[in-house]
Every structure is written in C-alpha cells, then in structure tokens.
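Colleague: Take a look at this one; I'll ask things after.
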Ligand code: XMP
C-alpha cells in the first residue's frame, strides 16, 4: 500500500484516485495522523508527500517527523512535498512571493526511474511559489524547465524522488506514467486493489466486527446506502435490517423499485415504513425552505429511532460514509477543523443512538462504490443513480407542499428522467429533475383555456456539486420532454428550462 501524506493540496484526492486506478491501495492521511509510529505500523511500500498551499517558511506549515526518511521507504515528494523533503534533508528552498502557475516544458536531464519510458521534453503543470536552489547531498537534478532548474530531482540510492510539478493532474501529460513508475518500478507494489478483493476483505472485516450481532441501516435508495446495505448483507445476511422511511416525498415508484431490486433479487431484509401521513401533516402550511428541511430531518430521526428500537438486540448501525468525508474530517494543520463543510446533511442520525458504527465504504471513493455495486450485482438503475437530496421532493415543490402537487411533480419528474435516460444523458449530467413552481399561468389546450401549473426542468453538469453549469441539452430532447409533460401530466400547461449556473444559482430551487 501507498501512504499519501496530505499537506493540504486541493489535488490530494486526485493523487489517491490515480494510485487506485493502478489497482494499488492507498490511504490519505493528514500529517497530524501520520506519526512515525503510525507509519511504522502501517508499513507502506511507498510514501507520497502531497503538495499544499503553504510555504515551508510559514509559521504553521504542515510537517511530518523527519525520521520518516530513515525508514528505508521510497518517497515521492510533489511540489510542497518535494520542498519539505529537500529542506529537511539539508538542501535549500528560496522564498518567493511570485507563483509559477500553469504549463511548463520539462526537459529530462538524467536517466531516472520515474521518467522511464517518457520522452523528453514533456508537458507538465506547475503551481508553486518557493523554489529549490540547492539539493541535499546524494540528490541529482533530473529535470528542468525554463524557470525551474530543479523541477525534478532524485536520490536513487535512497529511493527519494521529487517533482516540483503535479503529475496527478491531466495537464501533466505523462503524469500517470510517472506515478506508475514510482508504484511499480520503485516501490514494487502489486495490483491487488480490485473490487473482487474489496468485496472479499470487506465481508471478512464486517463478519469479524459484527459477529452474530444485529445491524440496522437507514436505506434511502441512494447509491451509498444501497451498496453499504448489500455489502453488509453479504457478510451477515438477515441479521441486517434495513429501514426505509417513506416520507411521502419520494420519487415515483421508489418503494417498488427497491423491493424488486433488493428484496426480490438480492434477498435483503427491508422494513418499509410508511410515515408519509406524519411528514405531510407536519409540513402542512409550511413554505419556508429551511423550516421544511428542519422538519423533515427531525421527523426522520424520530421515525428511524422508533423503528430501530423495534429491532431486538441491534448493536450496530450501518452507514454509507465515503472516503472523501473521512479525509476531509482530518485536520491538516492541527486545528480543530480546517474544513468548511458546505454540504447539507438532512437525514443524518444523532450521535447518541448508542450503536456502534459499521462503515464498510469509508475507504472508498464514489466511483469505487459504484464499481463495487456492479461487482455485487446491484442493477445499473440503482448503482448509477443521480444524487437526490435528503428532504426529497419537499424542496422541489416550491412553497406549500400538498399531496396533489407532489403527485404532479412525481409524474413530471419520471418523464424527464425517462427521456434523459433514453437520450443517453443520464450519466453525462450530474442531476436532471423537475421542480414544481407555485404559480399558475394561462394556456390553451384544444379549444379550452387552461389555468395550470408550470414545471421547471433543471439539468446540470458538475463534478462535485460545489459549482455547476446548466446542461446544454439538445433542443429536440427538450421539446420532447416539454410535449410529454404538458400532454401527460394533468395540471401542468407550461414548462421552462433553467439556464442558471451555480454560482450564482444553487442546483436545487429551495
Ligand atoms: P445546492 O442546491 O446547494 O445543492 O446547489 C448541491 C447538492 O446538494 C443536494 N442538496 C441536498 N442534499 N440535503 C441533502 O442531502 C439537503 O437539504 C440538500 N439540499 C441540496 C443537491 O441535490 C445537490 O446535489
């Protein structure tokens, strides 16, 4: 395995993705976690020191114990990671206020294992302020650019390699090959990180942790909780009880879909709880988005706790926590938390439930979770679902929520999703859905004047939901959707397409 020490680079998760693409397991740990003892116990085959936003001269610049360089483990330092290695081992780094940012041409100067099979010059991507002016003893310069005499350096006898640029980003055209050379030529890693092995080892681990005790899990129908449920089920079978709370704000045929795919095909033990009356009664007359969120979140907790307490002898709570959340909850700079969480978490459970956690996905990235789902035979329809907000359609029926308006929205939404899938855009866009506006407008159908609702369609492209752009869908697809929604959904006579990016808009309308 490879240990990536996270000095705060925005690319740290990308390094991890790259390493895992080569079927090599890696972990990303903050320097505050990666102590010398921790590393000794972990026994990584190689260490990657990531880039970071600091100068090594900053007062609180992140550091690791310099004794890691005495462990005999190969090290690849990237950007700040290289500067940290060089200065720790006796070289010199010059402080600079100017940043070198963007493309550069790297000339390879010395035969170096990292550059094996790569032709010189090669395009790389820089983003650094300080520069190295003198290498430590034992190091040789292996690559230069016009502005950076020590753009790459190595001490081959100790297996220390430094790259001033970022091999993990696409703009470094041969970055993948460089990382691969480090993993396989230098560190002698084996390609054991396959989804087949992940299933096997996760099942063993869950069995060892849970034994013959019972686990409960809140199943939302989203990818993460579904894959977590199937994995835990594989380990402990019917000792897992999944609780699906129908809050009345679900998409069309949600329960049927889950019954068909998970209960019938995979034999999961799912308790469907119809709490829609309770939710809709509480939401009656409420139109403020934040109040809706709070109400929906609180009732969910109540209902879930109620149901959970009926499962006799449950000692564990299964959750679909993913690796990015684990990484982001570690502190790079030693403060309480350097991370501003921007994602809402409605549907979260209180910490005082007194259950021990089972989080079988907590070392996986989202795409690995999908691959794992496929490996275990979960249907595409569930594995490739777009994200869906915890408060469900409650924040897509703008203003007051009524059963009738929810039904209208459900029908319109199902048509949008069906057409988007048929046209091959479902996986290409981040989300595509309907929003029901609280206004009526005049239309004409046949010879009749109508006075009905407007449905807005939202389809966005995005990588992480932090920023998004409206999807440039073909006009004939939009026309087909609009025709179908207006003709087939009773109560709708107008459709609009949302062309707002995020920022300044948000993805959801409430
Ligand atoms: P916004 O609307 O903030 O949405 O641009 C960003 C992403 O978060 C989802 N979202 C939510 N998810 N509870 C959730 O679990 C919420 O209250 C919530 N609000 C928005 C949204 O669907 C998008 O993917």
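Quick reminder: no glycine exception, Cβ is built from N, Cα and C everywhere.
Where the annotation comes from TrEMBL, it is an automatic prediction and has not been curated.
Straight from TrEMBL, here's the annotation block:
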type	residues	note
ACT_SITE	79	active site, nucleophile
ACT_SITE	166	active site
ACT_SITE	168	active site
BINDING	220, 221, 222, 223, 224, 225, 226	ATP binding site
DOMAIN	193-385	domain 'GMPS ATP-PPase'
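Are these features on the surface or tucked inside, and what are their neighbours?
Modeller: Long-range Cβ neighbours of residue 79 (active site, nucleophile) (same chain, at least 6 residues apart, Cβ-Cβ under 8 Å): 9, 50, 51, 52, 127, 128, 163, 164, 165, 166.
Around residue 166 (active site), taking its Cβ as the centre, 24 other Cβ atoms fall within 10 Å, counting all chains.
Classification of residue 168 (active site) by DSSP places it in coil, neither helical nor stranded.
The number of other CB atoms found within 10 A of the CB of residue 220 (ATP binding site), across every protein chain shown, is 22.
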Colleague: Using DSSP and three states only, what is residue 224 (ATP binding site)?
Modeller: helix
Colleague: Measuring CB to CB from residue 225 (ATP binding site), give everything in the same chain under 8 Å that is also at least six residues away in sequence.
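Modeller: Long-range Cβ contacts: 217, 218, 219, 319, 320.
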Colleague: How big is the gap, in Å, between the Cα of residue 223 (ATP binding site) and that of residue 168 (active site), rounded to a whole number?
Modeller: 27
Colleague: Given the recorded positions 168, 224, which one is most crowded in terms of C-beta atoms within 10 angstroms?
Modeller: 168
Colleague: Using a Cβ-Cβ cut-off under 8 angstroms and a sequence gap of six or more, which residues of the chain neighbour residue 222 (ATP binding site)?
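Modeller: Listed in sequence order: 320, 385, 387, 388.
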Colleague: Pop the Cα-Cα gap between residue 224 (ATP binding site) and residue 168 (active site) into the table, whole Å please.
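Modeller: Cα-Cα distance, residue 168 (active site) to residue 224 (ATP binding site): 26 Å.
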Colleague: Mean pLDDT over the domain 'GMPS ATP-PPase' (193-385): what is the value?
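Modeller: That region's mean pLDDT is 90.
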Colleague: Neighbourhood of the ATP site (220, 221, 222, 223, 224, 225, 226): other residues with Cβ within 8 Å of the Cβ centroid, in order?
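Modeller: Apart from 220, 221, 222, 223, 224, 225, 226, the close residues are 219, 227, 228, 320, 382, 385.
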